[in-house]
Amino acid sequence: MAGEQLHVLNALDVAKTQWYHFTAIIIAGMGFFTDAYDLFCISLVTKLLGRIYYHVDGAEKPGTLPPNVSAAVNGVAFCGTLAGQLFFGWLGDKMGRKRVYGMTLMLMVICSVASGLSFGHTPKSVMATLCFFRFWLGFGIGGDYPLSATIMSEYANKKTRGAFIAAVFAMQGFGILAGGLFAIIVSASFKTQFDAPAYEVDPIGSTVPQADYVWRIILMVGALPAGLTYYWRMKMPETARYTALVAKNLKQAAADMSKVLQVEIDAEPQKVVQSSEKPVNSFGLFSKEFLHRHGLHLLGTTSTWFLLDIAFYSQNLFQKDIFSAIGWIPSAKTMNALEEVYKIARAQTLIALCSTVPGYWFTVALIDKMGRFAIQLMGFFFMTVFMFALAIPYNHWTHKDNRIGFVLLYSLTFFFANFGPNATTFVVPAEIFPARLRSTCHGISAASGKLGAMVGAFGFLYLAQNKDKAKADAGYPAGIGVRNSLIVLGVVNFLGMVFTFLVPESKGKSLEEMSGENEDENGEVELEQPSGYNNRTVPV
């Protein structure tokens, strides 16, 4: 039959929600707050960078970043994040969650500050410096994904674990909001001090020299929230599951959790020997045993995160068109440089406030009631429906009178991404794999998502161009058009729905039950838990 669970892990599973749960959410969540701020704030300043460094004398419109520079500036952090997720995910299982957690944070603090500095004055040197440090900033951010999710899942109790992990992820929404609000404050302050005419009145005078400080300040402030939580991260004890199941130090695990939970916990030294001798607790990531037990689970978590991020990050394509269409952002030549930063930041903040933030917190509130599977399936279903509703009558939505309807459907698509797979794809990989591979598998799943983000952000940038080369954006080849791109995204969301059936339901189960770490050597765990770790789809 199933092996008996260790006292220290059982104490965590049945613990009532208490203060240390909230401190863990804040400490891990501030990492995500910083991640979102750093990743999204670049989109607020790219137009400004174009005006400052790529101004063309006599041009009708303000300068913009060339396509290859724009792709590098926006995409280099994604490349760093992907590498960081794989590397720090693996390292978190090798060295322990806590030891690696501080490294990622320091990297984020140093690179946030450094990305606002430039070695040289030429456009080439400024962009090269920016790209270099944003790659390493992304590398640090990447490490935060598997470590934050794993730490929170290993600290949480069974009953509310989903809500706690989702709450850490939901801090992203506040990070995006903070980025927008801070950009509004900085650009408005500079605009008051250094007023300038619109571009069409005075092309050179419309970008004041002080505007060069604005983008640097916005990028560098990302170091503050990360720096503030460093001390608290270092004070957190290593998770009991890592100490007991991976490091095999039950005495230390019991001592650490006795302090955290403020109860006496038996160290059970006799169980250390038993657990380390079990073959079920020794197979590696590339073994047949892993493939047999968790192969489909890993395929499920990687494929759904990959497909979700293709759709989620392609939103950047349509955002500027939508903002212009509903009059939130006037034509660039009618504004000065600081005014443009202000208007873009205001629009992004409104989107975050109305659509992004509420979706995340709906997931937090309902994930332990509805379950991960139901929320993910429902999210992908509605994203599919809304994408097709936008795509099929696309010409209807382009008329001026119907634009509000387009914005409404567009917002609903991203509400259901956040109250759906955007949150659940982060939660589930932290719950269903064995402790010694948990951080690695979460890192692999997250890296797969970032690969999807690159396809979404850059593949569709080229794909969505007009079929007529003459009407495509400057420097881009002809594409398949926005309507066909939306149809492709609808199909992507439908595939996400299909692959969701590979992901097991973990609601209300202990982590050891999900991963099969409590089995005896004959693997006779199924009799006691028919819907346990090896369940492929919805719980029975």
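Backbone N, Cα and C define each Cβ position, glycine as well.
The annotation compositional bias 'Acidic residues' is assigned in TrEMBL to 514-527. Taken from TrEMBL, the feature compositional bias 'Polar residues' covers 531-540. Annotation comment: TrEMBL describes 24-508 as domain 'Major facilitator superfamily (MFS) profile'. What TrEMBL lists as region 'Disordered' is 512-540. Here TrEMBL flags 20-45, 100-119, 163-190, 213-232, 350-367, 373-392, 404-423, 443-464, 485-504 as transmembrane segment.
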Highest-contact recorded stretch vs the transmembrane segment (213-232), from 20-45, 163-190, 350-367, 404-423, CB pairs under 8 Å: 20-45
Folded-back contacts onto the transmembrane segment (443-464), same chain, C-beta under 8 angstroms, at least six residues removed: 71, 74-75, 78-79, 81-82, 85-90, 92, 142, 145-146, 298, 301-303, 305-314, 316-317, 425-426, 429, 476-477, 479-482, 484-485, 488-489
Recorded stretch that, among 20-45, 100-119, 163-190, 350-367, 404-423, has the most CB pairs under 8 Å to the transmembrane segment (373-392): 404-423
Taken over the domain 'Major facilitator superfamily (MFS) profile' (24-508), the model's mean pLDDT: 89
Spatial neighbours of the transmembrane segment (350-367) far in sequence, C-beta under 8 Å, 6+ residues away: 162-163, 166-167, 169-170, 172-174, 176-177, 180, 319, 328, 375, 411-412, 414-420, 422-424, 427, 507
Positions whose Cβ lies under 8 angstroms from the transmembrane segment (404-423), at least six residues beyond its ends: 166, 169-170, 173, 304-305, 308, 311-312, 315, 318, 322, 325-326, 351, 354-356, 358-360, 362-364, 366-367, 375-376, 378-380, 382-383, 386-387, 389-390, 397, 496, 500
